[in-house]
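Enquirer: Pulled these from TrEMBL:
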- Ala35, Gly36, Ala37, Gly38, Ser39, Gly40, Lys41, Thr42: ATP binding site (BINDING)
- 14-352: domain 'UvrD-like helicase ATP-binding' (DOMAIN)
- 353-679: domain 'UvrD-like helicase C-terminal' (DOMAIN)
Amino acid sequence: MISSVDLAGLMGIHAPTPQQQVVIEAPLSPALVVAGAGSGKTDTMASRVVWLVANNFVSPDQILGLTFTRKAAGSLSKRVSERIAILREVQNRHPERFEATPETASIEFDQPTISTYNSFASALFTENALLIGREPESTLLNDPSSWQLARKLVVASTDERLVGLEKSINALTEAVLDLSHALSDNVANADDVAAYAQRFTQISELPYADTARKKTPYASVTDAVAEIGSLAPLLDLAVQYAQQKRAQGLLEFSDQVALALEVAQRSQDVVDHYQDRYRVVLLDEYQDTSVVQTRLLARLFGNHSVMAVGDPHQSIYGWRGASAANLARFSRDFTENADAQYFALSTSWRNATSVLDAANVIVEPLSARSPVRVESLGARPTAPAGSVDAYYYEHIDEEATGVATWFARALAPQAWNHYNPDPDAAAPEPPTAAILFRRRSDMDRFATALGAQDVPYHVLGIGGLLSTPEIVDLVSALTVIHDPSAGSELIRLLSGARWSIGTRDLQALADLSRWLLSRSVSQHELSDEVKQRMKDSVAVDDSASIVDALDFVGEAPASHSQLEKFSPEGLSRLKDAAKQLAFFRSRAGLELGDLVRLLEQELLLDIEVVASRPQAQGMANLYAFHDELAGFLASDDQANLGSFLSWLRRAAQQDMMGPRSDDAEAGTVQLLTIHASKGLEWDLVAVPRLVDGEVPATSREGKGWVSFGKLPFAFRGDAAELPELEWENAQYQSDFDGSLKEFKAALADRHQAEERRLGYVAITRARDNLLLTGSFWSSRSKPQAPSTFLQELQEHELIGELPSDPVNDENPTLNDVVDPLWPFDPLGNRRATVEAAAQLVTTADPGADGLWAHEIDLLLAERARAASEARRTPLPQRIPASRFKDYIADPEAVALSLRRPMPEKPYRATRLGTQFHEWVESRFGSSASTETLDAFALELDGTDDDSAADAAKLAELQATFERSAWATRQPVDVEIEIHVPFGDRVVICKIDAVYADGDRYEIVDWKTGRAPRDAADLEAKQLQLALYRLAYAQWKGIAPDKIDAAFYFVADDTVIRPTHISSENELRQAWAGSVGTAPSFGG
């Protein structure tokens, strides 16, 4: 047997350390490896795989490696593949060092299975779904899809208990989703939770106290009963949500793992198969596994060769079910006698010594309390000293400027681009850099400070996208269109570059909104009683709205007394804004994508970003926003503006909490949250806002599970490690009140441990240089002292002396009298340059030949020729009945499209319609449609996400059809194509279905899109039915008046029978009046 050290020498890679060697050569039995941040766990796992293969313990395909992100799985897979390739070469060069076996012979072709935890669970479920009565071909729900499905259930619910909760639709949707995921992640039964909640509410019946002095219920009891009482209707909705998913063949990530566990629990054959298939299992980032994931893995690989690698100090995803205690439970979960092997990797291959010293100080209290032994990280032998700088400023603005200055110096070429005497050596790259935030709300201030010093920066994630100026304006406009109470968003638009409304006019607008609130629709003053009721009301409609006030400005006559408060210029601009927003509202019925593009163009956002950013990324943020919108629309064809805005808020929140896979960008400062930084590293890292109450943050745990929509801790898989609320043994309400206080204190203590883990993760992201900052004053009226983390580092003399008190006794910005230029100049410091350029244009000699004079002349000549030729477009010989209305309504547009046909991306709605028609056709036993090949081409063009969303939508349409009256009737003809002579042309009619009723017939056209918007739209659409009626009458040899026709809009489950269907004579007159009888048309 060859040792891992000798093998590394033969392969030409770094020899493992003694700690790594014992991990690599560990026996094939359950083992736990506690690996600190940057300790080389990926390299160690790859080396273990190669060592096991080299010594013929297993073949490569008998190894399973699981991790959390696709990026991590890709990194491990790449490392393992490279090592196996090197091993193959070494074995060929030194066959005497290796024993030839069948496993060795197949090494060239076999590879380990390395994937994410969810992908593995999905594959297991798909392969064995039939064992538990489920369909293997289920569609995976993405986040927008799950949000939409849950929101539909909430909106459609008739449960009167929901009204009593006094929560918004979005809040209820969020609660239903969170509760559904919690049930799935913890393998909890909804009925059991409901029964538990019912028992809990009985504490309201307890005597108040053991003395007669207490005359009223305890507020803590009343509040707790109300919160837990909300679980009943929410659980019902969560169950309905699960039922809807199953009925439509839909799954979420959490469902995949839960169903995989169900498969494993029901079938020992499946367990045996996976243990035979994978003789060695490696579990990465084990501290982040959820309860249901742990149960699945323990069921499949208990008492097997499993090696779990993790770090309890980096367990920062407790909000999604992960627990630092997972590592401590490993031995109990995977061995019969709780005797798993224990190993440690405690040498950091990432951090400089000063950075590492700071990390160890922060994490030391956790190590002392850890349920599993954790060794302090030590520096690698050649680790540089690095630096840890700490500054505590007077004000947050100074702090942001100080951070920007630190990066400006560190990223300056003279700081890193030193002279290299070797002319053949590659030029060094700038360092990578990041600012890590506890909360996203601070990012904009620091990004602005970086921009002020011309430091390149990139705010990561959709949350960062939503904070960019052009996207803020775009979302503000969408919000104002949708929500009349969106005053803040309207002020953003009015005070921006487009209208630049001053403060006095904005104040006048606010005054007008209050005046309107006190008036009826006819502008008569309301009674004092009504005013008081509106003042006391919490309803949005009973509050002053500057959106309504702006509408009033746009419609009121110039002589109205309420307009006198506005400046003439301000009033003119406000009227223009009112007109623009009214126009936007009139287009609110557009498809969301079209509406967004309209706003983008009308607000001149596309021009502004290109003009202000000459670099290639000028439109990048707008393009990225359209990509996000496209992903959202792919989840639901009937999504609307309100649901999109709600999803944006949710997506931004989820983006803040999840890990990111972005690569570091040399020379650019990336801004992201600490949660999102897990697994990443940079040369330079700054962690700002290390102030009391922020980092570490004040606990928001509150009452824990005794809160709206939370799963009681008793049903959590990690309940043994969570604080316990003693309520079942309470004899008096006072007992519960005391227990609740103790429970809240325990939760706060637990929260501080989580915050310390966050601090440790943040510090260990820095390879060489770390900056820690804070400031006494921000927006609060009281100063904030340096955080406990800074104080601990100062006590250990790892940073310099920090000020203990602010210079100012009061917040200097609260009392400052500032008279800023308002509205802000949209050109800023570019005004002089822009105006100078404009002056050159206006004073240029119009007669002088410019650089492009010749090209302009050619273009003008081409246009003149096109106009003089008055080209007419040849009329097609075959006219589709579905396009007949287009020829009638806008022949010029049809002519243009025929003259200059543009390639179009297949629309999802088209693909979905084709799939539905094929399904109906096959359902009624007809032969294949002539559109099958075209549909197949559309499917090839679709993305995986689109296909998944289409499958869900198709299932919904099929279910609706099955409930309709058409499903029980047998058509006499299905999907027939009839060619109707129409003058010297032929109209192609593809009829969906024809039903017989006595001596009459009814043609039905299935529609998967939306119903007609108005009478004009219906009139246009009925032309298609009229052609179908004419075609079927000629084909069948019957009178047209014996045939009725209808549309069935499946998505709306709506049948529309036009009151008038054009006769043959009317069709020919319409054609002649629009296209004429000539063989060509259009000018």
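Glycine is treated like the rest: Cβ placed from N, Cα and C.
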Enquirer: Using the centroid of the Cβ atoms of Ala35, Gly36, Ala37, Gly38, Ser39, Gly40, Lys41, Thr42 as reference, list every other same-chain residue with Cβ within 8 Å of it (recorded ATP site), in sequence order.
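Expert: What remains near the Cβ centre is Thr44, Asp311, Leu345, Ser348, Trp349, Arg350.
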Enquirer: Just to be sure I understand the packing, how many Cβ atoms besides its own are within 10 Å of the Cβ of Gly36 (ATP binding site)?
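Expert: Result for Gly36 (ATP binding site): 28 other Cβ atoms within 10 Å.
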Enquirer: At a 10 A cut-off on CB-CB distances, which of the binding-site residues Ser39, Thr42 has the highest count?
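Expert: Answer by Cβ density within 10 Å: Ser39.
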Enquirer: Kindly assign Ala37 (ATP binding site) to one of the three DSSP-derived states: helix, strand or coil.
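Expert: Ala37 (ATP binding site) sits in coil per DSSP, no helix or strand.
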Enquirer: Around Gly38 (ATP binding site), how many other CB atoms lie within 10 A of its CB?
Expert: 21
Enquirer: Over the domain 'UvrD-like helicase C-terminal' (353-679), work out the mean pLDDT and round it to an integer.
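Expert: Summarising the domain 'UvrD-like helicase C-terminal' (353-679) by its mean pLDDT gives 83.
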Enquirer: Taking the Cβ of Lys41 (ATP binding site) as centre, how many other Cβ atoms lie within 10 Å?
Expert: 24
Enquirer: Including all protein chains shown, what's the count of other C-beta atoms within 10 A of the C-beta of Gly40 (ATP binding site)?
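Expert: There are 22 of them.
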Enquirer: Using all protein chains shown, find which of the binding-site residues Ala35, Ala37 scores highest when you count other CB atoms within 10 A of its CB.
Expert: Ala35
